[in-house]
Amino acid sequence: MSFVFAVPETVAAAASDLAGIGSALTAANVAAALPTTTVVAAAGDEVSAAVAALFGSYAEGYQVLSAQAAAFHQRFVQSLTAGMGAYAAAEAANASPLEQLLGVVNAPAQAVFGRPLIGNGANGADGTGAAGGDGGLLIGNGGNGGSGGVGQVGGTGGAAGLFGNGGAGGTGGDGAAGGNGGSGGILLGNGGAGGVGGVGVTGLVGGTGGAAGFIGNGGTGGAGGASTMALGTGGMGGTGGVGGVFGNGGFGGDGAYGAAGGTGGAASFFGGGGVGGTGGIGASGGMGGAGPLLVGNGGNGGLGGAGATGGDGGAGGTLLGNGGNGGQGGPAMAGILGSLPGQGGNGGNANWFGSGGAGGQGGTGLAGTDGTNPTPTANPNQAANGTDNMGNGNQIGGNGTAGATGGAAEDGEIGGNGGNGISDDGFNGTGGTGGQGGTGGSGGGGGGAGGQGGTGETDSTNAGTATGGDGGTGGSPGADGGAGGAGGAGGQGSNTAAGDAQGGAGGNGAGGTSAIGLATDGGTGGAGGDGGRGGMFIGNGGAGGAGGIGGTGGVGATGYDGGDGGTGGQAVTAAAGTATGGTGGLGAAGGMGGTGGNGGAGGVGGNGGAAGSFIGIGGAGGAGGVGGTGGVGGVGGVGSNGGAGGAADSAGGTAIGGDGNNGGLGGDGGTGGMGGAGGTTGGSGGAGGLIGWAGAAGGTGAGGTGGQGGQGGQGGSGGDGGAATNGAVNTGGSGGNLALGGNGGAGGAGGSPGGSTGLEGLMGAPGDNGSAG
């Protein structure tokens, strides 16, 4: 007997689509009717008339056939629509009788046993901790347990009937554990998951997963609850549910912060033990579930939390089965358990026949910290300015005093400004030179900025020359490193008579030094776990776990920047003299980036497990861990910009703008850190059986890859040429040339043995050419 299933909604959608297609075809036929049925003859002869009549008759025949097809299409759509209505009416008519029939069938079982024959159990109300209702005796899933109120354990999940899954346990209320999962169907079905533990000063444990029936897997244990205290210990993960006669144990629940993962559920007769839950930060992974009574493997251990041991593998089946593998140790984490990585979990033992489980790999070593240059304190002090000289004759302003050296981790003082040289009735007025910036203090102090050159001015009828003082040179960085000081601006040359004016040259910037912040090396990887013992009669020992990977070295610090060149002084003449702007100061090079930290050494390999007493081969020792990757070299310091040329302004004379100066070279990138050494200590091989041999010792781990060289610093831009205005002849200054970026740093050497050399760093970007004035 055949059965036909129809979904009214799908039929309705198809009918609507077909109706749309019919409408589109009808519109196309109407549009084509007039031009095709009334074909005009190409000429007045009889042949043309006969051809036109022939084509017109074909078109009329097509229109007749199209009308018949449209009628058929319309009747087909109407049939689909009517069928959809019939199906929908039949469903509506049958729904109520079927529900009534199910109620009649369930009534006797409900009256006698308090649960229906077919149907799912009701969920427990949240906030009450009520248990979920049991599923139908024949078919049905258990209801989920309700969440607990304050201090209430989460509700237990309802049990399934003959076929079905158990309900999930409810979340525990504040200060209470999560509810247990419900049992799976007696014949077929999985156990329900355990509820999440409640929060509290100390988090509460998650609920146990529900047991499976004849065929099915145990439920997953609930996750541990979180602590309400900062860095407080949370709850352990719940234990996984027991597997069915044919089925696997449930997974253990994950632990919260500082709490272990739950143990995996045990298998019954045939199947595997459940995997242990992952440990919270600083806590071990859960142990793998035990293998079954007859045939099956033990569960694998859970992953260790940061800085903690991986869970041990579960024992293999009593008659036949392999032990579970140990979980991987947690990676090192700053501030957790002394910043050490966790050891890999031990492999589970076999019982009568079977091989031991492999040990877990050790955790990854702590990553090195990046190099950071100290931040110096700005120095607002300025050295004494030069004295002003005013009067008749040639007047020269005093030079500014050099800035004093900064204190510890302090920038040097700003150099003093040059004194003004003003000649009221003489020929020449010359400003003093600005003082050099002070040297930076120890601990990364930068050089101080150079002082500004003094103003040179003539205010007489004599055709003297007004010359601005040169800007002071930027101060040098501190003895152990720092940024270079910027050059001071050149002084202004101002002539109110028919003489010349010359702006002072900008001071040169000082170069930055190499980075002084040290990147630290990566930490050593954790030890591998030991392999499990082989079966009592026949079986091989489990392999030892590999040592953990060494931590990556820290990134090198950035080189210090060079100081910018000072701007050339402005030149102004009020009469027909020559005004020449000062040349900008030279930019300075950036410093070299710091070296990356070395990669950490690989961890020690675990020992191989012993073979069975009679026949078996001992487990191989675990290899030493791979060395960590070297840290990336630091970026080179930025080359400083060249100073802009001074502007020139001449009232009817010649105006020549000052030339901009060149930018400084970018600093070279730092060298990458050396790759970490591979773990030199492999694990010992396990003892062989009466018939068999011992396992091989573990080898040395591979060396780590050297760190990539640092990128070169960006080159400085050339200073813009000074503008020339208002003169009879105006010549703008030339812009300074760009500087190239620094070279990329060399890659770090590979760790021993066999590590690869790191890649060379990228070259820094060049600066821009200065624009002409």
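Yeah, the Cβs are placed from backbone N, Cα and C, and that goes for glycine too.
What TrEMBL records for 4-94 is domain 'PE'. Marked as compositional bias 'Gly residues' by TrEMBL: 347-368, 394-406, 428-456, 466-493, 702-758. Taken from TrEMBL, the feature region 'Disordered' applies to 347-509, 702-773. If you look up TrEMBL, you'll see 373-387 marked as compositional bias 'Polar residues'.
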Determine which residues of the chain contact the compositional bias 'Gly residues' (466-493) at the Cβ level, with the cut-off under 8 Å and only residues 6 or more beyond its ends counted.
373, 376, 397, 399-400, 402-403, 406, 411-413, 415-421, 428-458, 499-516, 560-572, 579-580, 582-583, 585-586, 588, 591, 637, 640, 643, 646
For the compositional bias 'Gly residues' (428-456), find every same-chain residue at least 6 residues outside the stretch whose CB is under 8 Å from a CB in it, and list them.
373-377, 379, 382-383, 385-388, 394-422, 464-494, 501-502, 504-505, 507, 510, 516, 560, 563, 566, 569
Across the compositional bias 'Polar residues' (373-387), DSSP yields 0 helix, 2 strand, 13 coil
Secondary structure tally of the compositional bias 'Gly residues' (702-758) (DSSP, helix then strand then coil):
0 helix, 5 strand, 52 coil
Pull the DSSP breakdown for the compositional bias 'Gly residues' (466-493) and write it out as helix, strand, coil residue counts.
0 helix, 3 strand, 25 coil
With DSSP helix as H/G/I and strand as E/B, how many residues of the compositional bias 'Gly residues' (428-456) fall in helix, strand and coil?
0 helix, 3 strand, 26 coil
Mind tallying the compositional bias 'Gly residues' (347-368) by DSSP state, helix then strand then coil?
0 helix, 1 strand, 21 coil
